[in-house]
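Over in TrEMBL, the protein carries these features:
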type    : residues                             : note
BINDING : A:Glu35, A:His69, A:Glu149, A:His182 : Mn(2+) 1 binding site
BINDING : A:Asp57, A:Asp61, A:Ser223, A:Gly225 : Ca(2+) binding site
BINDING : A:Glu66                              : Mn(2+) 2 binding site
REGION  : A:265-290                            : region 'Disordered'
6 protein chains.
Amino acid sequence: MFFHIKELQYNAKPERPDPLFAKKLQEVLGGQFGEISVFMQYLFQGWNFRGEQKYKDMLLDIGTEEIGHVEMLATMIAQLLDGAPANVQEEAAKDPVIEAVLGGMNPQHVIVSGLGASPTDSVGYPWNSRYIISSGNILADFRANLNAESQGRLQVVRLYESTTDPGVRDLLSFLIARDTMHQNQWMAAIEELEQKEKSPVVPSTFPRELEIQDVSYKFMSFSKGTESSEGRWAKGPSMDKQGQFEYVENPTAMGQVPILNQAPAYIHNTPVPGQPAPEAEKSHYQPPKG
Amino acid sequence: MFFHIKELQYNAKPERPDPLFAKKLQEVLGGQFGEISVFMQYLFQGWNFRGEQKYKDMLLDIGTEEIGHVEMLATMIAQLLDGAPANVQEEAAKDPVIEAVLGGMNPQHVIVSGLGASPTDSVGYPWNSRYIISSGNILADFRANLNAESQGRLQVVRLYESTTDPGVRDLLSFLIARDTMHQNQWMAAIEELEQKEKSPVVPSTFPRELEIQDVSYKFMSFSKGTESSEGRWAKGPSMDKQGQFEYVENPTAMGQVPILNQAPAYIHNTPVPGQPAPEAEKSHYQPPKG
Amino acid sequence: MFFHIKELQYNAKPERPDPLFAKKLQEVLGGQFGEISVFMQYLFQGWNFRGEQKYKDMLLDIGTEEIGHVEMLATMIAQLLDGAPANVQEEAAKDPVIEAVLGGMNPQHVIVSGLGASPTDSVGYPWNSRYIISSGNILADFRANLNAESQGRLQVVRLYESTTDPGVRDLLSFLIARDTMHQNQWMAAIEELEQKEKSPVVPSTFPRELEIQDVSYKFMSFSKGTESSEGRWAKGPSMDKQGQFEYVENPTAMGQVPILNQAPAYIHNTPVPGQPAPEAEKSHYQPPKG
Amino acid sequence: MFFHIKELQYNAKPERPDPLFAKKLQEVLGGQFGEISVFMQYLFQGWNFRGEQKYKDMLLDIGTEEIGHVEMLATMIAQLLDGAPANVQEEAAKDPVIEAVLGGMNPQHVIVSGLGASPTDSVGYPWNSRYIISSGNILADFRANLNAESQGRLQVVRLYESTTDPGVRDLLSFLIARDTMHQNQWMAAIEELEQKEKSPVVPSTFPRELEIQDVSYKFMSFSKGTESSEGRWAKGPSMDKQGQFEYVENPTAMGQVPILNQAPAYIHNTPVPGQPAPEAEKSHYQPPKG
Amino acid sequence: MFFHIKELQYNAKPERPDPLFAKKLQEVLGGQFGEISVFMQYLFQGWNFRGEQKYKDMLLDIGTEEIGHVEMLATMIAQLLDGAPANVQEEAAKDPVIEAVLGGMNPQHVIVSGLGASPTDSVGYPWNSRYIISSGNILADFRANLNAESQGRLQVVRLYESTTDPGVRDLLSFLIARDTMHQNQWMAAIEELEQKEKSPVVPSTFPRELEIQDVSYKFMSFSKGTESSEGRWAKGPSMDKQGQFEYVENPTAMGQVPILNQAPAYIHNTPVPGQPAPEAEKSHYQPPKG
Amino acid sequence: MFFHIKELQYNAKPERPDPLFAKKLQEVLGGQFGEISVFMQYLFQGWNFRGEQKYKDMLLDIGTEEIGHVEMLATMIAQLLDGAPANVQEEAAKDPVIEAVLGGMNPQHVIVSGLGASPTDSVGYPWNSRYIISSGNILADFRANLNAESQGRLQVVRLYESTTDPGVRDLLSFLIARDTMHQNQWMAAIEELEQKEKSPVVPSTFPRELEIQDVSYKFMSFSKGTESSEGRWAKGPSMDKQGQFEYVENPTAMGQVPILNQAPAYIHNTPVPGQPAPEAEKSHYQPPKG
């Protein structure tokens, strides 16, 4: 169960309105790696969690914090939009440069949300839940989390470089710092988990003898040129310490030339000349035998 | 520029048709972490790359390999669908159990793709490019890649557990092995990059003094209970070796209670009783001063 | 800023696993009118609010409660999935009826979320933020909220009718009761606002003389038959008390037959025989004059 | 069955081209609450209707009218685009202000639709059918309709404020007037239905004793502060006249602390140290007993 | 402007309920090539049309007819759903086969649309307007239309094969016949247009000397094997009669090895060892010169 | 299986950066008819193909070539973005015209992709796989392909008209030429197939006597006015040579006035006054009899 207090986690006050920056700032609110993504990802990972309770608690700690980050960004965006005119035409008739500048706004910030933030990214594309993952395997998921915090901090830093407003920069400095913590947090949790598992390869519980081990440590060069042979991934012991990396300069095919059966008559494909389509009844589904 | 040879990278021959498993197998072809996602992610990272050529070469190596993985899965799915009837009604009239079993198929495998694979996931949702990331910062992106290969291998393993068909399992064993390699590969590349960067925190180039460093290493407990204090992330030196983790049991708000200005008249919000809406012209946008 | 406690707002314990019902229950978690929709809608309306603080407080009260509803549903779904097998083939080989029943599951509940809830609806379609509205005009938005709670309660009731599990029904009974409250709440708030506004027609601030008042109270019958003349909307005083409803049995066109200009040459449309396309330069954009 | 006549329902002639306004005007054609949404919503509600024929007739009346509204907006947009250049570079080289202004256009208006309207909103996002609802319960659906007409009229009014073109304003004045009628219409129909039903709470047919009535009229304050206690929703008789509103300042949890079972082995989650994953066969699905 | 009459264009009465077929039939109502797609495509092509009026009239004729096709399919689906239970559990407890069969239904047909049709496809994916095209160039668009009617008739035929219900087959026979007409219609219109244009290559108005004519008639074999040399496209005069097809067995690259510049410092990419990132100010945008 | 070489198929070097054109150029990379669409469409058609091998080979030839077209466009876009500043504010403070021009950029080109191409269209909407079709019937699919190449060439031509950069025009001239070839190729393949089939109406294998042949060649005029009677589609022999076109000026309804049954009680629709809802058990699903 959740509670809310009215104070923001940190300051969110711009020095002046800037509807163009409001549009850009939406990216880290409602974009692929924005704050909605991280709070939803952490909460679902926490709610679905089936293991040691300290991980569940930790996921709900950070997921709850991130809702408050959306709150700060929404508040900031609403204030940046204070100066966004609906009746731009009259002003613009006097000064086409102003019209031009305002032409770069997100029009939905006026028409749809009435000078409010929206749960979308910087091109107005709505947030959707295929951005997030909660697989049940937390080593896999913490890698997703480390990635999300890495992409997120990178985007906030790029936005920091795109404004000179001290109030906006103040909030972004806070978010950058929290992302520093959160990258550190996921790195720590990943290290802890990798030490407990048999192998850092996810999932570690699948019997290795059931995979085609002949190709488990081969780097295959499908793009002409051998620059890629210079990397750590092409020689030396593998990272899971269970094999040796090998560089395959000219990988060869191990499979068949695929030729599919003709479709049965009831599919109504283009007929193959000189050949009748197979009868429907001949190709019917049979439940598998044990 | 790309070339194609007719042979598959590995065998893709089921022992018997199984249209229900065909539906499930779509997940690792066209789902969030399926093979389309990885080939598109690696190719775009390669094409957009602006640094050392060995990384670009490596990205194009693996991206090109992954197109061939889509090819194997598509071929497998088409063969699993060989037994999918369109005219189920007549059969089913004789045996409702068969009807019931076939009711679990993806109907588009008959109606739309005519017994062929489709670029969608296991619930028929189309692949879309918001699944992938190419940020230009390759440490961030390699973390995305390690995540993709971790989620991907996990899903293939779960599918392996869901079938007993030796032909299908043979292909999945190959894909599991390649994912073992690819997880190892990204771990190796990440280690190499982290050693070159000033810090494992992405991006490492942003001046640390510009973030609110007071909160850069604090774990804040927003969910009641202190189980989360037992993790590596709550005490000891931070993973970037630039701070000490600190556990904050009762985090407090540092920001204002946000009160937004009333909207100007032309926005036509619900009026606040006793207060006229501000005139439009008073709140017009002013281009920022330098 | 938000906080979380570990206890659920109400019980969420099924008596037995039921992966098919888990799939259906997703509708009210992540569907168009599910709990994610209402919590996001209320929070954004609250964060963007620019008027009397009691409405903002109320929106944040209810928005925060609704996050806890998602939590209960996610917890319930995870438990309903406890019995969902990945390796159905072996079992099913022995009993095709079980295979058939399980064929109705959402396959992503096994492959992707590992027996956890997902932020999607009952056909696996991801939640997206175009489901919600925060317009800044709260009379408009409270109507959206009343609609959401009406659709939501209807869906929960239909789900109640679809299960006999006492534990599931217990949770649904709680949600149905809260939706009773929330419908009452929005009706109360709407009544309060309508009494304050000049008119219940949103927005009430637009000067009525600027609309084509001749058609402001006419019901136009575009579908043959006059059954629709029997409704309250076709006669008597209008609901805003500013006009009389009028029934127009045979509405007539008031506008032109539209004939568009030919496209300029650089658009490369199919040419009109005997007519050259207009030159590009003749149709160039001119900034509007004041 | 439908018929079309060539005349528009009302005038749709701009005084001058304005490709920037064309982009904005798309919102009320193909946006969340645009005319495509209302015509599709009303037609599907009509086609699916299972009750008194006067409601079905009325839904098809208004749904058919709204197709004609899309027609007017599409015609208007095509004319606003008459002045949109494809070869902006040459012009812009001479005057960067013109380039800048035109940079605000929707580029697809030139490249994709060749100076025609598109079925998208003002940021180019395609219309999709998750915008609409047809639930079969018409009291619920008429609330959806009242909401759609409220949001719609608000958006048209905001667009009216954004242009000075007399031709555009003429069309918008017509649409605003029809939205006045349509809000009145749905209010009238809702009032009529609420009088027939046992209760205004949707659905009115669910036995009230089956809900947890203890919480059916409690307002719970999950956001600190008691401003929300001042509203009509917090005291006095409930709107459905079946209870008394009650204000709960400090709501408490009524449910368990959720602890989920460990996942079975075939799910391959991160293992819990010291505990083997449960065997697959022990957690298999059992069809429910009656 | 549009009108509606109550009669359907053709019969839409199933002999018996069949909720599983209702799910499948959704494909040709709301799928990629369903009736919503064709009516929206034809209407937008008509509304945006800028040439000879007979084409505009024809597009509006057929677009209007197709709305009536959606109406018939929606009516059919609602009747097929007459037998869809919400409270399947009780029945199913007595007979798991019935439960299994009903598990194949679209759950939203009960929960969301209350036994009504929905504007989605056979996997429940919503219709969206990126399915359609209205480019302004009608030769291009009529090819889109011929494709839509070809895919559409194919899908209806496959559905015809999937049912034995005489009432359903009666409606499908009507739709198949209309698709016969519509394929013929677009073939006729395309032939007429191709005879008027300089060339069947769209757009015919682009000066041929501005394309790299050296590759305008070369078939390039990028997949090993020469089976593709046996087609009409590999030899003989080109279809536009302006060249000779030529088969290139081993196509070679004509372009550079792409090496991108390093990103400026404010992008914060992974640094290249030994090289400082270029200063921001050195790479700023300059408006193009004429 | 696929291979890659480092050289591009053709030159991709702009003369100068132009981030606004980079945004527009995205349309033919990741839009509805961009290069991702064609390569995915051709590869899936090839992989799913069940007929004469020369068509499969041809599809894989052209599909593989098109991956290389995406590569060229991505490379071009990355270079056009070389001049896109992140820290626009400082510059813009000095010159609002530059700010205005840059306001037209896609902000994700800086924030998300770090001056790289993205797999989206010119409004930033992500590519998704519902853009493509692989039906198994290759006559139908080749019509889809001819349409894709027609729309694609039209869009590239419009982009050619929108730039004066010689390097960009050079690449576009190459793509226009290849689209000339590809339109010719699909026309040739369609002609070849139509000669083999019984009829050009897809699918040609459905028995004509099973369609309602009375309406197979009638053009029905649902839009008032008879301009459409002047087309080839309204008179003369049909294109499939199996009928005569007939013009029906006033089409009449052939079907019933649809009246749906009331919904059963468990659906909880708005009740019909004076009528109890039918009992659930009376309308339960019965498996169809043979």
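Positions of Cβ are set from backbone N, Cα and C atoms, glycine also.
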Rounded Cα separation (Å) that holds between A:Gly225 (Ca(2+) binding site) and A:Glu149 (Mn(2+) 1 binding site): 34
Binding-site residues near A:Glu35 (Mn(2+) 1 binding site) (Cα-Cα within 10 Å), from A:Asp57, A:Glu66, A:Ser223: A:Glu66
Nearest of the binding-site residues (A:His69, A:Glu149, A:His182) to A:Asp57 (Ca(2+) binding site), judged by Cα-Cα distance: A:His182
Minimum Cα separation from A:Glu149 (Mn(2+) 1 binding site), reported as the residue among binding-site residues A:Asp61, A:Glu66, A:Ser223 that achieves it: A:Glu66
For A:Asp61 (Ca(2+) binding site), the number of other Cβ atoms found within 10 Å of its own Cβ: 29
Neighbouring C-beta atoms (10 Å sphere around the C-beta of A:His69 (Mn(2+) 1 binding site)): 27
A:Ser223 (Ca(2+) binding site) versus binding-site residues A:Glu66, A:His69, A:His182 - nearest by Cα: A:His182
Residues close to Mn(2+) 1 site centre defined by A:Glu35, A:His69, A:Glu149, A:His182, Cβ within 8 Å: A:Val38, A:Phe39, A:Ile62, A:Glu65, A:Glu66, A:Ala148, A:Gly152, A:Leu175, A:Arg178, A:Asp179
Distant-in-sequence Cβ neighbours of A:His182 (Mn(2+) 1 binding site), under 8 Å, six or more positions away: A:Ile62, A:Asn145, A:Glu149
Secondary structure at A:His182 (Mn(2+) 1 binding site), reduced by DSSP to three states: helix
Interface-proximal binding-site residues, chain F, C-beta separation under 8 A, candidates A:Glu35, A:Asp57, A:Glu66, A:His69, A:Ser223, A:Gly225: A:Ser223, A:Gly225
Largest tally of Cβ atoms lying within 10 Å of a Cβ, found at which of the binding-site residues A:Asp57, A:Glu149: A:Glu149
Euclidean distance between Cα atoms of A:Asp61 (Ca(2+) binding site) and A:His69 (Mn(2+) 1 binding site), Å: 13
List of the binding-site residues A:Glu35, A:Asp57, A:Asp61, A:Ser223, A:Gly225 facing chain B, defined by a Cβ pair under 8 Å: A:Asp57, A:Asp61, A:Ser223, A:Gly225
Number of Cβ atoms other than its own within 10 Å, given for A:Ser223 (Ca(2+) binding site): 24
Short-range binding-site residues relative to chain C, from A:Glu35, A:Glu66, A:His182, A:Ser223, A:Gly225, with Cβ separation under 8 Å: none
